[in-house]
Structures are given as structure tokens and as C-alpha cells.
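*Asks:* Questions regarding the structure given below will be posed in turn.
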Ligand code: SF4
């Protein structure tokens, strides 16, 4: 199952990391929640495939290390989500549907 596109209604924002909103529940290192608003990545689904980071035309994503997370030991953080042009490439390319993009959440 992929990221919940209604996470902003179904979850609570529990903090911020590098200026990016974090939506709980969070219980590191195993449970890391959803990171981002306009561009949101479910860290508990992300397998660090990296296609989104490589192909995003405006370089929204950066790698962050997540040691001991069961799905992958690094994640793509939507650090520059304010630059997103809503092309939806990352949403379409993610092999595990870990990303949702919605400008109404910015
Ligand atoms: S929708 Fe397009 S511009 Fe926005 S983060 Fe994804 S790949 Fe980048």
C-alpha cells in the first residue's frame, strides 16, 4: 500500500526536520512517518530507489541517512518542495508509491 494522499487529515504534524514538516506517528529508528507537505514522502515505505531524486527537473530531493530503518537506510527528503512544478514525475516513477504531490498542501 502506498502513501495515504489524505495524510494531512489523518495524521498530526509532530515536528520539522531540515525545514520539512514531519507527520506522525514517529518512533525511530523503525518508524519515521511522512516528511513534507506539498511534496510528501512516506519514509516508512521509501526503499531508496532514487529515481525521483535523479529525475526531478528542479532538484527538490536530497538524501538523508536513516540507519536501522527496516525499508532502507537512507530516504529522499523533499528539502526544496517550494520549488516543485507539479510535473508528477516522482509520483509516477516511484516503485513503491511512497510519494504524493499536492499543491493545495503547501
Ligand atoms: S512533482 Fe516533479 S517537480 Fe515536483 S518534486 Fe516531483 S519530480 Fe520534482
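Glycine is treated like the rest: Cβ placed from N, Cα and C.
TrEMBL does not curate its annotations; it predicts them automatically.
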*Asks:* Which single residue out of 46, 56 does TrEMBL record at the [4Fe-4S] cluster site shared with 84, 87, 90?
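*Replies:* Of 46, 56, 56 joins 84, 87, 90 in the [4Fe-4S] cluster site that TrEMBL records.
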*Asks:* Taking every protein chain shown into account, which of the binding-site residues 46, 84 has the largest tally of Cβ atoms within 10 Å of its Cβ?
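*Replies:* The residue with the most neighbouring Cβ atoms within 10 Å is 46.
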*Asks:* Compute the average pLDDT of the predicted model within the domain '4Fe-4S ferredoxin-type' (37-66).
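*Replies:* Mean pLDDT across the domain '4Fe-4S ferredoxin-type' (37-66) comes out at 98.
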